[in-house]
Amino acid sequence: MARSLYEWLWQHEFWLPPGITWEDMQESEGIHYPQPRDLLLSIPFALILVVIRCAFERAIALPLSTKLGVRDKQRPKAQPNPVLETFYSMCRKNPEEGELLSLSKQCDLPVRKVERWFRRRRNMDRPSVSKKFCEACWRSMFYIISFFTGLAVLYDKPWLWDHRECWTGYPQQPLQPSLFWYYMLELSFYWSLVFTLPFDVKRKDFKEQIVHHAATIFLISFSYCANYIRIGTLVLVIHDASDCILEPTKIFNYMKWKKTCDSLFMIFSAVFLISRLVIYPYTVLYNTYYYSMEIFQPFFGYYFVNTLLIILQLLHVFWSCLIIHMVYKFILHGTMEKDMRSDTEESDKDEERDKIKEKEKNGITYFSNVTSNGYIQRNGSEPLKSRAHLTNGHVKER
């Protein structure tokens with residue numbers, strides 16, 4: 001059964017153009033082609049990256065955040081309550097109005113206190129600023145290294161300057177060691193992101209991030225097996241170009257260097273929109289869809305790769321809409337709006353609103369007590385009872 005599945009999966013019709021078989025891709029002395037088994041190396045490399053990341057965040061990023069003045073906000077903790085904790089863990093984190101009434105009766109607490117408990121409990125699960133800072137530092141370091149590594153690897157490659165060269169001699173294009181290690185570096189990194197998904201900061205586009213990671217891993221893996229490495233390297237460099245600017249922007253945001261953050265975000269927006277909405281469609285999508293047809297007829301790998309590339313492009317459009325909205329707000333108001341993908345604190349506004357209401361309530365009570373006794377004063381003057389009004393409107397001191 002397993003052998004039949006293996007033989008079906010690796011049919012050359014799935015992976016190679018018509019007329020080419022796996023025998024044509026056999027390695028010889030001095031000529032090496034991509035072998036599917038090589039992809040297994042990305043798993044242990046990904047685990048090594050996870051270990052390096054943990055060490056980097058603890059030994060470098062966390063102390064750096066303290067020196068740069070990144071401070072975590074003090075959050076009021078939710079008081080232990082077994083009933084509310086069970087509902088929070090088993091049912092939902094944001095109960096509806098009817099559920100709040102039921103919970104308040106079970107706990108013998110006012111509805112407002114139940115609402116406050118859930119707000120504080122949700123805030124306890126939100127990542128701290130220092131955690132976000134450490135994560136941004138790690139990604140920033142990797143994307144910068146990856147981007148310049150990609151430029152160094154591709155600088156002297158003909159397909160970087162002439163995109164038709166991606167298909168010269170395809171699929172019998174020898175695999176160079178620099179391209180192999182560059183591919184392993186990128187694939188291992190995205191596997192490491194998948195391994196750390198449960199522990200990383202979850203943003204509002206969490207589902208889109210999962211789709212992005214899955215599409216990227218499938219694209220890198222399939223392009224390696226089908227020897228789409230030349231087009232794959234272009235995809236990787238284009239993506240890293242904007243990512244290596246985004247993460248430093250986050251770092252300056254957590255440091256509250258507002259002007260630097262705003263300036264970098266505008267640069268990132270320009271690079272992202274140009275690279276993902278202009279360069280990527282022309283250099284990659286048009287290249288794989290049209291230029292490749294000059295070399296071979298369509299086959300399964302052709303349709304599969306183009307499908308994954310189009311999924312990435314749809315995600316680019318989704319994120320571009322968010323970025324354009326933020327840039328529009330910046331131009332309109334002169335200040336950068338918070339990241340729309342980030343989950344905001346609830347306690348700040350809600351707790352302050354509660355305090356203001358309490359103060360207003362106390363102030364009204366005090367005001368009523370004072371006016372009932374006739375002790376209103378103006379500008380620090382004496383009480384009105386100590387003054388006598390004359391018929392001409394003047395005041396005579398008693």
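Any Cβ shown, glycine's included, is placed from N, Cα and C.
Because TrEMBL annotations are produced automatically, they should be read as predictions rather than curated entries.
Taken from TrEMBL, the feature DNA-binding region covers 86-129. Per TrEMBL, domain 'Homeobox' is recorded for 84-128. The domain 'TLC' annotation in TrEMBL covers 131-332. The feature region 'Disordered' is assigned by TrEMBL to 341-360, 373-398. Per TrEMBL, the feature transmembrane segment maps to 136-155, 180-199, 264-283, 303-328.
Residue counts of the DNA-binding region (86-129) by helix, strand and coil are 32 helix, 0 strand, 12 coil (DSSP-based). Here the transmembrane segment (180-199) has long-range neighbours at 34, 38-39, 41-43, 45-50, 53, 142, 146, 149-150, 153, 210, 213, 216-217, 220-221, 224, 229, 232-233, 236, meaning same-chain residues at least 6 beyond its ends whose C-beta is under 8 angstroms from one of its own. Within the model, the DNA-binding region (86-129) shows a mean pLDDT value of 81, rounded to a whole number.
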